[in-house]
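First comes the structure, then the notes that go with it.
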Amino acid sequence: MEQHVTPCEDAPPPLMYRVERPVFDEAYLHTQLLHPRERSPKTIRQRLAQAKAIALSFLPILTWLPSYPVKEYLFGDLVSGLSTGVMQLPQGLAYAMLAAVPPVYGLYSSFYPVLLYTFFGTSRHISIGTFAVISLMIGGVVVREAPDSMFTIQALNGTATNTTVFIDTEARDARRVHVAVVLTTLVGVIQLVLGLLRFGFVAIYLTEPLVRGFTTAAAVHVFISQLKYLLGIQTPRFSGPLSALHSVMAVFSDITSTNVTTLIVGGVCMVVLYCVKDLNERFKKKLPVPIPGEIIVVMVSTGISYGLSLSENYQVDVVRTIPSGLLPPAIPDFSLLPNLVTDSIAIAVVGFSMGISLAKIFALKHGYSVDGNQELIALGLCNFVSSFFHTFAITCSMSRSLVQESTGGNTQIAGLLASMVVLLVVVAIGFVFQPLPQTALAAIIMVNLLGMFKQFRDIPALWRTSKIELAIWLVAFVASVLLGLDLGLLVALGFAILSVIYRTQSETCDSASLFQAAECTGIKIFHSNSSIYFANSDLYLNALKEKVISAAVCVSVCGIWKVISAAVCGNGQVAETHTESDSEETRFLEPLCPVHTLILDWTPVNFIDSVGAKAIKLVRDLISTRRALGSVQKCNITEQICLSVMQN
């Protein structure tokens, strides 16, 4: 007797979803969505809004100045501006020595660019102005284009056979200023063009290990260049490959002529500066503002030099002439441009990378964003416009930026006030610093390098985390020390690019990468962690053979890989056609193969070039050939390749 079971009448009906949407074809997507043929004309209000947005992006000061909270921000910006300005004075004078120009041009470079960045920059906390690395790169170019040998003059000493050779320093300095100004103009043009073309992303190619290795090497160059000022000896300034070694050899060869008074003054200044910096670091939470050790050293050493007449009585080199007031604008001598193109590109890129990296750190800390393209435009305008007022190339300074941020700076009003402090000195009291010993400026530079030398601590950290990044750091450091900063940067960039190629070429392939994954009989999933292109296509095929075929103990398919090995050239080029011998056909027909499905997991694959595509096509063609030979019937299996591009 049949029993019919009927569902309960009280059971709820099953849930059902009904989805309706229009069907789009490719033509509709291209014409209506991607490339609409007709666009409604913009209204006047829309055009005004677009013009306002462009103006705000080009002049970021307009976005925050109208709503500037005076009560909350003004006092902090005032204290920060005065503290940064006091610090900017001695650094401007000192870094001009690195740029191989008279010290007053360091003050010019600490005023005009800072003033311009207030209007065009997007960072609220970085301090624009002179920087040791950029100044040293400029100095290398300046000395190369205007060496001392170009300005030697022979003077007679009573008789025709007794002559004295001396250097016309006035003509040399004037020529060096011209070179530095033209170089700065070209740097500004390059940065401005890159910013307008939206090339702000170029900084990503200067990886952090590369930048830190490069700046550490620059610190070595800077330290070596200041030894002669600290010791009070006269040595030529070298540029180009092995310039650091030549400078060290020149210093040690003439070390017996050290001026003891100069060394004592410089040594005392270094000890005082180091102690002040240590106190600032230890008690930074208790001190309302950092102790201005640099300006204290400058004022005290200037007073001692003036009171004891160190220049006349002890032959201590001093700053000497600092003209009062600002120089009128002048057009640079553009006839020097052809020799400076390569150097200007290196300085432009390094200057921008320094600025944007520090700007992003402060922006992340204080919760706002910076625009890399606008930063390029801002730096380009600062360098280009200021070069007509006799400045050399600038970027942000790490030490001054930390002071500007830690003393309560909230906006670039602090930078504007710092530039006013420099302007006051240039216009009114610049002559006060004429007796300033050069060894005191050298001490300021050397002590400020302490932070860069601490980057040597990166080596053990990178050894534990990434050997390739450690190699990039070491190559950048060694190449920049031995070959110079310009060639060293080029070598470091090339090595960094090669490391990327190496890491993509030396891919990691696996056929069972998931933890606790159960393997289905006859199915192999092959996972590769990189793209497939000319440099690694043959490695990809070999890894597929090793991981999948060998693991399956499939002798018959190994015959296919012998054909592939013959068809794939060593340089990654895959032949379009191939032939199979009778012996290979025999191998195809011999044993049974347990693998019937091969899935290529291409989740991490970003691209496949033509060579990689031919390699995959070759696998497919060889399996199709095997089917045509009748091995499918004998082996009683079905081979297929599932190209599974899994997207997250």
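Backbone N, Cα and C define each Cβ position, glycine as well.
As written in TrEMBL, here are the features:
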- 513-616: domain 'STAS' (DOMAIN)
- 93-119: transmembrane segment (TRANSMEM)
- 126-143: transmembrane segment (TRANSMEM)
- 177-197: transmembrane segment (TRANSMEM)
- 251-275: transmembrane segment (TRANSMEM)
- 287-308: transmembrane segment (TRANSMEM)
- 345-364: transmembrane segment (TRANSMEM)
- 376-393: transmembrane segment (TRANSMEM)
- 413-433: transmembrane segment (TRANSMEM)
- 440-456: transmembrane segment (TRANSMEM)
- 471-498: transmembrane segment (TRANSMEM)
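As a whole-number mean, the pLDDT of the domain 'STAS' (513-616) in this prediction is 60. The stretches the transmembrane segment (177-197) and the transmembrane segment (440-456) are not in mutual contact, being linked by fewer than three Cβ pairs under 8 Å (pairs 6 or more apart in sequence).
Highlighted: of the candidate stretches 287-308, 345-364, 376-393, 440-456, 440-456 has the greatest count of Cβ pairs under 8 Å to the transmembrane segment (251-275).
Only sequence-distant pairs (6 or more apart) were considered; of these, fewer than three Cβ pairs between the transmembrane segment (93-119) and the transmembrane segment (471-498) are under 8 A, so the stretches are not in contact. Looking at 345-364, 376-393, 413-433, the range that has the most CB pairs within less than 8 A of the transmembrane segment (471-498) turns out to be 345-364. Two recorded stretches are said to be in contact when at least 3 C-beta pairs lie under 8 angstroms, sequence spacing 6 or more; the transmembrane segment (345-364) and the transmembrane segment (440-456) fall short of this definition. Proximity of distant same-chain residues to the transmembrane segment (287-308), defined by a Cβ-Cβ separation under 8 Å and at least 6 residues beyond the stretch ends, is recorded for 79, 83, 86-87, 89-91, 93, 265, 269, 272-273, 275-277, 279-280, 314, 316, 318, 403, 406-407, 432-433, 435-437, 440, 443-444.
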